[in-house]
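Colleague: Take a look at the following structure, please.
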Amino acid sequence: MIRNQANKPGRAKAATAARKSPLTKSAAKPAAASGAGAKLGKGVIAVALPSFRRERALLKQGIWPVAGCDEAGRGPLAGPVVAAAVILDPNRIPKGLDDSKRLSAEQREALFDKICKTSAFAVAYASPTRIDRDNILRASLWALSRAVRALPEAPKHVFVDGRDRIDVDCNCEAVIGGDGLVMSIAAASIVAKVTRDRLMCALAQDCPGYGFEQHKGYAVPEHLAALDRLGPSVHHRSLFAPVVAARRKHQPWTDVPEPDLFAEVTVVTSTEISLEA
């Protein structure tokens, strides 16, 4: 083996260069364990987990309860925007809370059940009709406000994900990227996401053929193809561009009243759900 390498100077030089390469050196060492104090190599992005620091600071000042709120479903072509507000119990915070987008469906479902058992929370919907009437941003902010107001106990401070504050009867603090920074917002993001995903699966039974149970109303190729083939359903947001194009193709579009499933406010405490028409 040594004789063959010596007879091929090009290969020997390559082997020597590889031994001297910093990339080879770093690859030879196992990666440091993740977590606090771990040293990360070049090109590795450290992802911070949400913390309870902001909520705990307010609690020490006597400001409690504190709620976090977030929404799911701004981007889809169909279904409601779902907003959630959560008041975590400082002594019973579920382990593993994170931005819902960084969790698998199985992780979200498991955490949703834990949040239901340990926290006070409320959910509000902005229906496709309201989205068409008010625009998606205003409808989302409206739903967030309604979710906070529907909490079983009025919060004294609210953290909301994003740039915009909402209309509530207490201090409201907007936190950009809050679902990845503030634990109560992360919990709200999970509640909103799981609730909306379940609703879209229910809509798939009400309107078969669109694949709502798979894509949850987002503009994936399969959804666009079904929309082009079948035309819009009552659950589609009629002013979103792909829906407008499909409606023009499938004239006339029958105007069907919205189902009771999309009552404007859903109050959720513990594991009980009641729809208010």
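Backbone N, Cα and C define each Cβ position, glycine as well.
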Colleague: Pick the one from ASP161, ASP164, ASP167 that Swiss-Prot also lists for the divalent metal cation site with ASP70, GLU71.
Modeller: ASP161
Colleague: List the residues in the vicinity of the divalent metal cation site, defined as same-chain residues other than ASP70, GLU71, ASP161 with C-beta within 8 angstroms of the site's C-beta centre.
Modeller: CYS69, ALA72, ALA83, ALA84, LEU144, VAL160, GLY162, GLY178, ASP179, ILE185, ALA188, SER189, ALA192
Colleague: Between ASP70, GLU71, which of the binding-site residues has the fewest other CB atoms within 10 angstroms in the structure shown?
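Modeller: Lowest Cβ count within 10 Å among the binding-site residues (ASP70, GLU71) is GLU71.
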Colleague: What is the total of other Cβ atoms whose distance to the Cβ of ASP161 (divalent metal cation binding site) is within 10 Å?
Modeller: 25
Colleague: Which whole-number mean pLDDT does the model give the domain 'RNase H type-2' (64-252)?
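Modeller: The predicted confidence over the domain 'RNase H type-2' (64-252), as a mean pLDDT, is 96.
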